[in-house]
Amino acid sequence: MSARESRKSRSTPDLIPLLNRNPNPPLIFLRRRLLPRPSQVGLTWPHHVRRHALAATIFHFFASWIVASPRSSSASSSSMGEASPVPPPPDAGAAFVLESKGSWWHAGFHLTTAIVGPTILTLPYAFRGLGWGVGLAALTVVGAVTFYAYTLMSKVLDHCEKQGRRHIRFRELAADVLGSGWMFYFVVFFQTAINTGVSIGCVLLAGECLKIMYSSLSPDGPLRLYHFIVMVTVVLILLSQLPSFHSLRHINLVSLFLSLGYTTLVAAGCINAGYSRNAPPRNYSLDSSRVQRTFNAFTSISILASLYGNGILPEIQVQLHECAAPMQATMAPPATGKMVKGLMLCYSVIIVTFYSAAVSGYWAFGNKVNSNVLDSLLPDSGPSLAPTWLLGLAVVFVLLQLLAIGLVYSQVAYEIIEKNSADIKKSKFSKRNLVPRLILRTLYMAFCGFMAAMLPFFGDIVAVVGAIGFIPLDFVLPMLLYNISIGPSKRSAIHWINIFIMVVFTGVGIMGAFASIRKLVLDAHQFKLFSNDVVG
C-alpha cells in the first residue's frame, strides 16, 4: 500500500463517528447520502467523497445546535461530554405561560386545584354503581395508583433533565421518551380532551350553582340554565387574561381552603339529611341486571379515574424551577423531592375531602343519589334536607372554586395559543401580544361556555372524560415512560408492577369508555338543546 493510500485509510474512517453523534432524522439522511458504506469503496474513499464528508461534518456541528429535537440535544451532550445541554430556542408559550418561579407549596396548591374540585360531589353517584365494599376499595386503589404514577412521572422528568432534555410539556416528554412522532399527537389529543372536557364541566356546574341559588330565591323566575352559563363564561373570560400559571398561585391557595370548606358543609348536610324526618328511604343494592351492573361499575371507575386525574403534571412541575425563563435555563436542581412534597400536601386534602363526601353522600341517599349530591340535598319536591344557609354557603364555595379550576385546566390551551400567536421578543403586556391573547382566550372560553349550555350532561361528561382522557395519561403513560426511560431490570418488582397496572387500566379504560359513551347515548332521549336541567 502506498503512503498516500495509507493516509486515506487512516483519516477517512475518523469522519464516521463525527456524523454519528446526532441521531436526528435529517442528519441520518445526510450521512447516508454523503457517506457510502466502506464496503462500497473498499478501505479507502475517493477524494470527492472525503470532500463531501468534510462538508457534511461541518454542517452537522451547525445543525446539531438548531434542530429542535429533544433527543438530539441529549445525544449531542452525552457524546461530547458536556455538563450543560444546549437549550432549545425559547418560545412565548413557555416564557409567558409556563414561567418557572414556584416552590413546592405552590405545586401543592396547583395540584390540589387540579384534582380536588367540585367533581368530588359525584363520588356518592360513583358508589351507586359499586356499593360500599367495592366502592371504598376502588377509591383507595385508584388514589394509591395515581400517587404512584405521579411520583414516577416526576422521576422521569428529572431523569430526562439530567440527560440534558428538560421538558415542560407532557406532549414533548412522551414524544421524546417513546421516540415516535405520533406519540406527540396522541398526548395532544388526550390532553385536549381532558382540558376542554374539564373546562366545559366547570362552566356547566358553575352555571348550575347559580341556578340553584336563583331558584331558591325566585322559584318561578324567568332565567334559565344557559343564562347562568353565560354569566360564568363572562367571568372566566375576564380571569383568563391573567398571563401565567404562576399568577394563579394565590387563587389556588384560596381554592384549597374552598374545597375543604364546601366538603365539610356538604358532609354535614348529608348527615343532617340522613337523620331528617324527611329523609328518603335508603337502599344500597345494585342493579338486578348483571349486564347493567357491569356497565355501571365501569362507569363508576371512570368517574373515580377522572376525579383523581391530572393531565398537566409536567406543566406544574416546571413551576418548581427557579429561573426567569424555563426554555432559557440549562440545568436546575432535581424537582422530584419538591414534587413529592406537593403531592403529599395534595393527597392530605384528598383523604379529607374524597372520603367524607363519598361516605356521607352515599350513606344518606344510597342508590337514589343524583350525579351531583347537592341536587339530592335540594329535591325538586318537598323541603330541603339541610339548612338553607349551609347549602347556600356550600354552593358559593363551589362556585368560586370552579372558577379556579377552569383557569388551571385552560393553561395548556393558553400555552399553545401563546406559542403560536405571541412574539417572545416583545413584552407579554405589549400591544402586539395583548390583543391576540385577549381575542383568542375569549374565543376559547366562549366555545367552552357554548358547549356547556348545549350539552348539559354533567355526570356523563365526567365519566367519558375519565375513560378516554385521564386513564391513558395517568394510569398507563407514566408507567410506560418510566420503564422505557429509566429502564428498571425486567426481573425487578417495579417493572412488573408497572406492566400489571398498564394492562389492568388499559382494559378498564376501554370498558369504561364504552360504558360511559353508552350511558351518554341512553341519556340522549332526555337531551334538549340549551336545556334548563343538567341530565345525570
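Using the three backbone atoms N, Cα and C, a Cβ is placed for every residue, glycine included.
Residues or ranges marked as domain 'Amino acid transporter transmembrane' by TrEMBL: 101-519.
Positions annotated as transmembrane segment by TrEMBL: 132-152 (among others).
If you look up TrEMBL, you'll see 225-242 (among others) marked as transmembrane segment.
Annotation source TrEMBL lists transmembrane segment at 254-275 (among others).
Away from its own ends, the transmembrane segment (344-365) comes close to residues 104-105, 108, 111-112, 115-116, 120-121, 123-124, 126-128, 132, 135-136, 139, 143, 147, 256, 259-260, 263-264, 266-267, 270-271, 273-274, 279-280, 282, 284, 307-308, 373, 376, 385 of its chain (Cβ-Cβ under 8 Å, at least six residues beyond either end). What TrEMBL lists as transmembrane segment is 344-365 (among others).
Here TrEMBL flags 385-417 (among others) as transmembrane segment. With a cut-off of 8 Å between Cβ atoms, the residues of this chain six or more beyond the transmembrane segment (385-417) that come close are 93-94, 97-98, 110, 113-114, 117-118, 121, 169, 191-192, 194-196, 198-199, 202-203, 205-206, 209-210, 212-213, 216, 232, 235-236, 239-240, 242, 245, 248, 251-252, 254-255, 258-259, 261-262, 265-266, 268-270, 272-273, 276, 278-279, 312, 315, 364, 374, 376-379, 436-437, 440-441, 444-445, 448.
Only residues 6 or more beyond the boundaries of the transmembrane segment (438-455), in the same chain, are considered here, and those with a CB under 8 A from a CB of the stretch are 196, 199-201, 203-204, 207, 225-226, 229-230, 232-233, 236-237, 240-241, 406, 410, 413-414, 417, 421, 461, 527, 529-530. Look at TrEMBL and you will find 438-455 (among others) tagged as transmembrane segment.
Under the heading transmembrane segment, TrEMBL lists 461-484 (among others).
What TrEMBL records for 496-517 (among others) is transmembrane segment.
The stretches the transmembrane segment (461-484) and the transmembrane segment (496-517) are in mutual contact, each linked to the other by at least three Cβ pairs under 8 Å (pairs 6 or more apart in sequence). Most Cβ pairs under 8 A with the transmembrane segment (132-152) among the ranges 225-242, 254-275, 496-517 are made by 496-517. With a cut-off of 8 Å between Cβ atoms, the residues of this chain six or more beyond the transmembrane segment (496-517) that come close are 145, 148-149, 152, 294-296, 298-299, 301-302, 305, 460, 463-464, 466-468, 471-472, 475-476, 479-480, 482-483.
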